[in-house]
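Undergrad: Handing you this structure, nothing more for now.
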Amino acid sequence: MAAPLLFLTLLAITCSVAWASDPSPLQDFCVADPNSPVKVNGLVCKDPKLVEAKDFFGSGLNVAAEITNPVGSQVTPVNVVQIPGLNTLGISLARIDFAPWGINAPHTHPRASEILTVLEGTLLVGFVTSNPENRLITKTLNKGDVFVFPVGLIHFQQNIGYGPAVALAALSSQNPGVVTIANAVFGSKPDISTDILAKAFQTDPAIIANIQAKF
């Protein structure tokens, strides 16, 4: 009897790891309580008796964001920070506004896949597969077109039109996270050694130092 029991135990552990994702709700909802001193993987539930409609509500995605940064885009997130009721539900949204020829710089979402819909304009989008192939997969999208970015892969969008562009992204996590590659590599605090980056990018340390100064 011991061997079958051991097998079932190992099978249960394996399945729980293979199917791991955002914490699943074990009740109707688990509205996040950001003020709780308790630290868990996610956010502590607010007392359900104190939950209100505003905990599940957000607004403003109809308003274009002001774009003042050098890359020419601005992301307006709608995740568990903005809507506490998203806690444990495994979904979130983001509006992305693009100036003409602006980009949403190469980045990854460590905890989510993304499905992007173009609402206005024309975007060139793409992602890069993992090592060793590092294959670039790109597509030009017009209004109404949809494109998927697999979880964890580096991806980007560029407005290739002469007017503003708008896209709506849905992500498979309440808190997908974002790692912008240039910011992480050249803007780390403290800096990654210029010698390390120069060797990694096969260039001169002075060039690396010049790039780091911009971040």
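Indices start at 1 and increase along the chain as displayed.
Using N, Cα and C of the backbone, Cβ positions are placed for all residues, glycine too.
Where the annotation comes from TrEMBL, it is an automatic prediction and has not been curated.
According to TrEMBL, the protein carries these features:
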BINDING   N104, H109, E114  oxalate binding site
BINDING   H107, H109, E114, H155  Mn(2+) binding site
DISULFID  C30-C45  disulfide bond
DOMAIN    59-209  domain 'Cupin type-1'
SIGNAL    1-20  signal peptide
Undergrad: When you average the Cβ positions of N104, H109, E114 for the oxalate site, which other residues in that chain have a Cβ within 8 Å of that mean position?
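TA: Near the oxalate site, the remaining chain residues are A94, H107, T108, A112, L116, F149, H155, A169, L171, P176, V178.
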Undergrad: In this structure, which of the disulfide-bonded residues C30, C45 has the fewest other Cβ atoms within 10 Å of its Cβ?
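TA: Fewest other Cβ atoms within 10 Å, among the disulfide-bonded residues C30, C45, is found for C45.
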Undergrad: Between C-alpha atoms, which of these recorded positions comes nearest to H107 (Mn(2+) binding site): C30, C45, E114?
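TA: For H107 (Mn(2+) binding site), the spatially nearest of the recorded positions is E114.
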Undergrad: Provide, as an integer number of angstrom, the distance between the C-alpha atoms of H155 (Mn(2+) binding site) and C30 (disulfide bond).
TA: 31
Undergrad: Expressed to the nearest Å, what is the distance separating C30 (disulfide bond) and E114 (oxalate binding site) at their Cα atoms?
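TA: Distance between the two Cα atoms comes out at 23 Å.
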Undergrad: Express the distance between the Cα positions of E114 (oxalate binding site) and C45 (disulfide bond) as a whole number of Å.
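TA: With the alpha carbons as reference points, the distance is 26 Å.
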Undergrad: Any idea what the Cα distance is from H109 (oxalate binding site) over to C45 (disulfide bond), rounded to a whole Å?
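TA: Distance (Cα to Cα, whole Å): 24 Å.
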Undergrad: I'm trying to understand the geometry here, so how far is the Cα atom of N104 (oxalate binding site) from the Cα atom of C45 (disulfide bond), in Å to the nearest whole number?
TA: 33
Undergrad: Please give the average pLDDT for the domain 'Cupin type-1' (59-209) in this predicted model.
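TA: Within the domain 'Cupin type-1' (59-209), the model's average pLDDT equals 97.
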Undergrad: Among the binding-site residues H107, H155, whose Cβ has the fewest other Cβ atoms within 10 Å?
TA: H107
Undergrad: Test of understanding: give the count of other CB atoms lying within 10 angstroms of the CB of H109 (oxalate binding site).
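TA: Other Cβ atoms found within 10 Å: 24.
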